[in-house]
Amino acid sequence: MFVCVLSFALVFAVPRASDTAQLVAPTLVFSSSVRSVCKPIPSTLSLCHGIGYRQMRVPNLLGHDTLREAQQQSAAWLPLVSKLCHRDTKKFLCSLFAPVCLPELTGPVSPCRSLCEAVRDGCVPVMSAFGFPWPEMFNCSRFPRGTELCIPPTEEHEMRTAEEVSVICDACSLAAEGETDIQENFCHSSYGKDKLIQSTLAEGVGGAMAHSALWLQDGGTCTCPEQTDKKKEGNGSRPPWYLALAQADEGRLVLTRLVRWSRGEKELRKFIRALLRHSCPAL
């Protein structure tokens, strides 16, 4: 989970003060003929709005010449951030789609190669499970090793403690009520089903994912114990079952309830049949 640090001394590998006058902006991953300028990060750029800095460089490091283009292209990566495959996923993506604007530089600051490699190693297994490779535009060999100005990975001492990040997502905060809560809210949900989740709540990455995934509201800033607890299980154990309810919201299915099923498959099927037989009042 990306932890916003406003101090440049922590976020960036800044060289000695005597070298500041000699700073040169890194080369764009994809070249552009448009002059680099600083612009406010718009609220419509959901991936990076509220990231911790307000100004971004345009064109960005992926060669997007306009804010609209950056917004459209970055939207496909929101699902990957929600998967929490690495704590710096958002930091890495925003360093490319909405690179920070530093007044003493004439261009954007690249992510360090170590940041790219850390996120790649954490997220490739998740992406591969759904048939998506690590894209060439994120080829880590394109980025500096850290001997020049670049954005490094978050170090352990910069991370918040477990108590500070223990805000539980609303959809996952009713574990104590479990099945009863599912029964009471089933009629108010536009989408309810039993789902076997092996590694994530989502079903894909990219454009296609937006139509089939279950979205967790504010998933980047809260935790879901029902989902994360399964990571402690041994590799040989059977993946757990979950009951999920969701509401349609602007073309997405947003989770309203997520409950881990603690009993066997036979009892689960019986519970589902009982739900389906229940007569919901007209709303």
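Heads up, the Cβ atoms here are built off N, Cα and C, so glycines get one too.
Listed features, source TrEMBL:
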type	residues	note
SIGNAL	1-20	signal peptide
DOMAIN	33-153	domain 'FZ'
DISULFID	CYS48-CYS94	disulfide bond
DISULFID	CYS85-CYS123	disulfide bond
DISULFID	CYS116-CYS140	disulfide bond
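For the pair CYS94 (disulfide bond) and CYS85 (disulfide bond), the C-alpha distance works out to 16 angstrom. The Cα of CYS116 (disulfide bond) lies closest to that of CYS123, out of the disulfide-bonded residues CYS48, CYS85, CYS123. For CYS48 (disulfide bond), the same-chain residues lying six or more positions away in sequence with a CB closer than 8 A to its CB are ILE41, MET56, SER74, LYS90, LEU93, CYS94, PHE97, ALA98.
In the three-state DSSP reading, CYS123 (disulfide bond) counts as helix.
Between the CA atoms of CYS85 (disulfide bond) and CYS140 (disulfide bond) there is a gap of 17 Å, rounded to the nearest whole number. Fewest Cβ neighbours within 10 Å among the disulfide-bonded residues CYS116, CYS123, CYS140: this applies to CYS140. Comparing the disulfide-bonded residues CYS85, CYS94 by how many other C-beta atoms lie within 10 angstroms of each C-beta, the top residue is CYS94.
Note: the Cα of CYS123 (disulfide bond) and the Cα of CYS140 (disulfide bond) are spaced 13 Å from each other.
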